[in-house]
């Protein structure tokens, strides 16, 4: 793509984003705030505070949202990632910083003093950033420790710095505990990224406290923040000394010995004062500042991790954080955060390229299956568009590569995918910023540079056509040295004060430099790992199979290659696969014995029959290998080998795809490893592990995706990377999936893997169950009251009250209520249900236990499993004894797509239909949702129509609750077809919002939109003049809110369901009363009740202020707020009048059975809802 075209397309994209993307527009740097930051006269804390206060109403940091999940078998709680981010505003971040500073100012003996050290070990994140900023606020010295290092490696750093506080995340807590036990200085351990609701988190904290009892206090960061919020504010500490030590970044680089690069107050202040979007604007037009919306995945112990964090915060941007330190979620994190700027390393680019190849194949195959012709260029362009707009978020306007250079081919590829120029930056921990950008020396910060001869490697200033030598430079912001290591300072800076970079460059012209080599034979691979070439060569040369070896690596590649002179040279043909395989096996064995990492093992070798000698110019006079000569002779061949490996991947993937799911599993696994990692076939052993072969979490995802695409079988990444994982075990998993067993319907088998719409005619019942059940009319049930009712979902919000309603009936008429529930065994299942139903019947103390003992049965089951996960005898018994089925169970999630909900919500419904048709027919009550009846134009289907013909197609558009609503629609389609085929009596209820109980205190539906909205309006004290469009005179319009209390809804569903013994009926269980009660009216009631709520005439002003206030709420309240659903309130809605959702059949049926009329929401009821939230400490 020509550069002018890239800039033209980029400019158009930026213009569109500024106009239509509010988050993009709001994150653009403010010139006035930037001026305020620049005018802080060198005070570090004042500079940071200027940014935090200047951008106070903006979102600053964000982490992946999580929800608490309880294991039905063990009852233990864990956290599950959600496909969204949780935001922290600048004001909230600063509040946390000040609170933590207050806690630390008095938590250790004498308080944490200015100049005291705080060490931090763990992955980057919101908590890590809070700790780092708190250190600056207090004048403490932050020491981020190298992530993933063992305690033995951290020990010399801790001994050198003597920190008083050690902060650790949960993943590193074992290392932290061992570090404390080796240290005499650490008084307090603070555990961050800790959630006290999670059993394992609490257990880990207790275990650490027990181990360190008497040595150091162990507390969570959340505890520190709560304590700090209750203490007087501690003034910021800044003595104005520009040379004051602020932080250390430890780097072993090429030496292997940790050394702490000194970062002073003036250096960090300059990083904050460059906050006009400089890092983002490096790849775009400088005319207009661009927002720094960045995904952080680099550790804070790396200079780039700190630089990107400061760049975003100092320019009013947003810093999103990767969810996992192993980067297993990286591409999901990028897709969800939609960064404007991407910090690239070659390893990430390689993963993007592999995903691109998969996407090209997917596009081509889809076109072929559809009978369409598609040329290669069109398929590639489509794949690039999908990668850019889907996987990478669609709003990247700048990209930088700073840890290692990209190859020319990868540079071109990434530029075309991203549609922006890729900026290559060269810098280091010591330079603190890029000093060479796109091959050009940056002035400033560089003051001067020189190239110095490296005669031992053959690099000289007299080299032709260009001078070559080690780059040495003087620069603004250069570290003054290393902490307490003057001998290292002497080696790092020459006699004239120039910093020795250790990198060899060629000078094409003044200030035009091109990287060539490392002076110490250390190669930095594309994933950022340093490899000491000479050390590896010495190790591998001890093999009896190897006479001589030259190892080759490139910053553009993730693995090594080698040239090997076999021990019996002169007669070995260069293509001898047996010799090559023997040498690769020998190197792997030596590497295992020496404890080397997978990236330190060459992937492939070139066999050289001619020895390296002085005579042929490959050895020096004293027998040392001459690296420039070796590179001159073998460099081109080694680069061709890299290229051949890369080119072969696409061909091998095509062959693997052509073999399809009928390929031998082990052969397919071995081929997939070759596709993913680039190994030759001769280097692979079935008993090897993927990680042993050099795979990491990113490549494991690609590897699993390849196999899933071929075999249509889920391949969990843990199966690939687990401690016992081998290629054979992965193949066994694929083979087991092909064993004959009853086929389970899946989204792909019913609708097609890549379906973007689903059709009612695809959901025929015989595709889900034994067709024999559908070929005969269902035997008619007796009209007498049901003796045994099977109810699913009894542990859910509505299901618990349905169960209590049925138990009340059982207490009067006799009979039994069966509530199948997920649990390890029947006893655990009963315990779960009893706990929920006891709470749902708290208005009658003691009643439930007596009734449950006589009328309640709770088998352990799984609604979405074949035959509910029951054994054959239990299934037959339930089929024979059950008189009626009430299906209220569902996975309720408004974010997950239909495909993810298909199993529990569609297949689960089919399992219940099969039970209803086995033996005597059982009238079936189904709890659907009013969203299943919504048409694309916003209208609602009538209660009397056949959903299959009235709404034969549903679009999978990713909108709010689209997946959940489509799953319920699919359940209705299956039930309508089953009734038509067999006469099965069916009653469907479509409720709208299910609200709080009218009498029981504290019983509110916390996750629903209504509860979130009331909480948010009261907590922030903000509401719009109207939630709806105003009339022509700017006045509020009459509207209606259709929610119903849970107790009424449960009673109505039970009464009408119990009365149905034939036919097919649908009821809209909604409030359609023409009562004028709307959200606007409810805000009036809240104000009248004394809640201080400000009304905003400008809806957009309200939305922006409202969002900022929500982000500033305490964490627990923020979680329960409207934030996750805020996009639905981006603009005023059209008022929905009473009757917009027809419920005439519902109200008439209630009247016929003597049921309660549909209630309206009242001021007293709303006050009860607010009191419930206050009682739960959410207000």
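Every residue gets a Cβ built from N, Cα and C, even glycine.
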Requested in this report: Please pick, from 809, 832, 954, 981, the residue that TrEMBL records in the NADP(+) site together with 795, 796, 797, 798, 822, 928, 964, 968.
Outcome: 832
Query raised in the report: How many other Cβ atoms sit within 10 Å of the Cβ of residue 928 (NADP(+) binding site)?
Result: 26
Query raised in the report: Which one is closest to residue 928 (NADP(+) binding site) in space, judged by CA to CA distance, out of the binding-site residues 302, 429, 515, 524?
Result: 302
Query - Local backbone state of residue 429 (AMP binding site), from DSSP in three classes - result: coil
Query raised in the report: CB neighbours of residue 797 (NADP(+) binding site) within 10 A?
Result: 21
Report summary line: Rounded Cα distance in angstrom between residue 968 (NADP(+) binding site) and residue 524 (AMP binding site) is 54
Query raised in the report: Which one is closest to residue 515 (AMP binding site) in space, judged by CA to CA distance, out of the binding-site residues 795, 797, 822?
Result: 822
Report task. Select the closest residue to residue 822 (NADP(+) binding site) from the following binding-site residues, measuring between CA atoms: 302, 429, 517, 524. Result -> 302
